[in-house]
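**Q** Reproduced below are the annotations present in TrEMBL:
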DISULFID  Cys98-Cys347  disulfide bond
DOMAIN    424-794  domain 'Ionotropic glutamate receptor C-terminal'
DOMAIN    434-501  domain 'Ionotropic glutamate receptor L-glutamate and glycine-binding'
TRANSMEM  555-574  transmembrane segment
TRANSMEM  633-653  transmembrane segment
DISULFID  Cys743-Cys798  disulfide bond
TRANSMEM  818-840  transmembrane segment
Amino acid sequence: MGPFAREKRPPSRALGLLLVLLLSQVETVFSLNVDIGVMYAAGNKEAYGEGVRNLLRDVSESPGFPDVTFFLVELESSCTEKDALDNAAAWFKQKGICNILVVNNDRKVVSQDHSLEGEATHCYYHDLTRNNSELLTMVVQRPKLAHSLPPNSGIWVTSYPKPDDLSLMIVHTVEKYKWTSAFVLYDRFADAYRSLEKFLNWAADRDWLLRVKEIPLIGEGPDKVDKPALTTLLRQVKTSRETHVILLSNSAIINDVLDRAVYLLMVNYQYHWIITSLNAPLGDLGFDNFRDTGVRVTFFHPNTELGGNTRIFERLVLDGALSLVHSAMEATRAVDRGEMTEGEAQCRLRDYITEIEFDGYTGNVHYKDVSVSTKVRNNLVMDLMENTGSHLVKVGKWSQVDGANLTSQFNSSFFTNPVLGGKRLRIISKERDPWVRLKPHADTEGLKGVERYEGFLVDMLNVMATRLNFTFAIDVRDNITIGSQNEADGSWDGMIGLLARREYDLALDAVATRSFRLKAVDFTEPIEMAGYYLIMKRPSRAAPGLLQFLNPFSYTVWAVMLCANLGVAILLGINNCLNPYEWGGLAKRGEVEEEEGKSLNFWNSLWTVWGAYVAAGPEFLPRSFAGRVLASLWFFVCLVAISSYTANLAAFLTKTNLDQQISSLKDLANSDYRFGALERNTIVKFLMNSTDEPYKTLGRRLKRWGGEVLMDSRDKLLKKAEDDRFVFIADNENQFRVKEELCNLIVVGERFFRSPTALMFPRGSPYVTEFNRQILLFREEGFMDILRDRYLNVPGECSTKFVAQDDGQLQIESFIGLFYLLLVGVALFLIVGLVEIFFFRAKGEKGENDGEKKDDAPGPKIDINGQVNATYL
């Protein structure tokens, strides 16, 4: 416990204009100490403690403020314990603290008892026999049906809005909008849930038709939604044709509900949502999902002039702290008037709690008597906010006294597209990856309509529907073609024919724009560039490379191998110099010739180590135990490395190579490969009529081969491409099949003969302009790039599989255990070498002592040829 220091600090975000208004009420300057105890429920101190501390600090340090020093004592406790607040109050009283601020934003269920279901854990005085008459307890927690407190409980002040007030706020707002029916979606943790029964009674008194459904949650937590069940629930709302929805929930669940509603096309100009959430800033709600949809969404928020990015609960906590500050100011004036002493003022703030009134973070703050001991917020005021594009604007105000008052009207026509708004489009399409494809689990999950499909165009259409406020029904057919014209009567078949007969409003397919198709349909702005590719059998042999013999190992492995080779040679050279049992040590004592002593110097050691690495056999072997330990482990490392290299080299010499000799039409014309294409494709006519090379040569061959290579089925051509000497000149659709399904084929070269693809509408359709505008906006916003990366620029299953098969190069991770073993060998080498050195020295000292007792007769000497020369005296 301690006062706030008076050093200069940056102003906190908690004050601003409020502090100026507060200070303007000061009439006298005077010294007073005020102790405030703050009890935080579990986890609340981290969320709200800093704001309370900054508020009281800034008030204390502000020039012109009465000389009041606030002492702050903070305590954390769990309100799940029945007597938590009783014990906290007793603890504060022992420290002489009479003013308590309780902060409890715990939304967990107390127990499985259905009578308590939906109740937040509550801090409350349960032992009513205790004498707390001197206490002022300012409580900021979710409302609970109040029970009366005896006078000995002190003053109990609740600053959180009552459930009845929240329900009344919704009732008054619905009345102002002149609704007569609505769908009410709630979760049992919502603040207004505690007075839901009274809300329904008020609605019944007004003859409203309300259908009430609980939002399905997972488990006992307040923030996890059962999304499949939520989807089913929203479908019921949509099927009921009710366009007024009241959502009583918290921000996390609200976002989940609105995300599902957007997906089900329930966020458009036809719907009006009223949403209550007192536990999150408005900035937490995803307004981008509502942009340009025409949907009308009403929110409630206190005092939006201070901004909407502060949690409402945090504002209530700050107003609770400000209430204690204003009570302290009143007590200061009372002391100045001689009504009490400074010592009495500390515990007399409770006498002034109903006399204070100020403009706080949640509007005008004033308290009224419910009983002698219980005080509640008297004049709750909430701003009514409505969406304008991706922003919120204030359109009115609600108060306990005056009810709801709308000051401006929502102009839905501003957001509703004048051409497509409210329209239901009939769309024809076909499954064609990646544009429109069936979801993997569409059947098992029982999905219906457009929910069964995904793809580039499906995602684009869903966003367009949200922005342009239209709905649609999609008909996906398996075997339908783009369409061709009957030369006899000029009619069209396929999708073009359906559009020409006005049976559908749009063909959802990326169709290449061709001049002859403009006779029957209109195209939108280009969506993506299409073209032709060369498809052939995936080769199985690789062309040799200059450094291909290095491919079995990565460069890191080669570098580490060379460093290990050098390191072992250095260690053997050092061992030769220092170890008395190695060749060098033996030569120094004359036990071997000097030339033999150089057998394992650094250069000879380097040659010996390298000889073992290339399996040439070592020229010299160590004599010492330490050298033999190191050499043995090095020989084992070389054995593993040589075996791995030999095995992997054979695989790399036969590895599949992706660099083909044919990568363009020019290469194809200069080769002896046969090739073909779909007979109806535009490129066939181009090649046959071209007078430029290499197209002229290719066209001449197509004419000569005729029906052998020009076919009417992609499947036949793909099967023929499995032949080693045949190339399929394929359109855009086939490359995705090769990537995903036909792993024995490969797309080679770059795309050629490019042309834009677009959506098709009936001739003269009024919707083309609106779609064009959105496509251009998608490009500017980068949405088309997102779709391209999501569906087009993906490697495909075959590409991933092929790369995985070819990428057999051994990395350093494959040898990490081997090198750890080598390090263990180095450690053993050092230990054994030290043992040998100490042993030799100990033996040498003993030999000198024994030599004094023996004749100094020379022993036998070993020459370099291994002969023994003995000389006796």
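Yeah, the Cβs are placed from backbone N, Cα and C, and that goes for glycine too.
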**Q** Let me know the most crowded of the disulfide-bonded residues, choosing from Cys98, Cys347 and counting other Cβ atoms within 10 Å.
**A** Cys98
**Q** Mind checking which of Cys743, Cys798 has the fewest other CB atoms within 10 A of its CB? They're the disulfide-bonded residues.
**A** Cys743
**Q** Helix, strand or coil at Cys743 (disulfide bond), per DSSP?
**A** coil
**Q** Given Cys798 (disulfide bond) and Cys98 (disulfide bond), what distance in Å do their CA atoms have, once rounded to a whole number?
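**A** Per the Cα atoms, Cys798 (disulfide bond) and Cys98 (disulfide bond) stand 74 Å apart.
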**Q** Which whole-number value in Å describes the distance between the Cα atoms of Cys347 (disulfide bond) and Cys743 (disulfide bond)?
**A** 83
**Q** Give the residue counts of the domain 'Ionotropic glutamate receptor L-glutamate and glycine-binding' (434-501) per reduced DSSP state, in the order helix, strand, coil.
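**A** Reading the DSSP string over the domain 'Ionotropic glutamate receptor L-glutamate and glycine-binding' (434-501) gives 24 helix, 14 strand, 30 coil.
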**Q** Over the domain 'Ionotropic glutamate receptor C-terminal' (424-794), what is the model's average pLDDT?
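**A** Here the predicted model's pLDDT, averaged over the domain 'Ionotropic glutamate receptor C-terminal' (424-794), is 84.
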**Q** What's the CA to CA span in angstrom from Cys743 (disulfide bond) over to Cys98 (disulfide bond)?
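**A** Here the two Cα atoms lie 79 Å apart.
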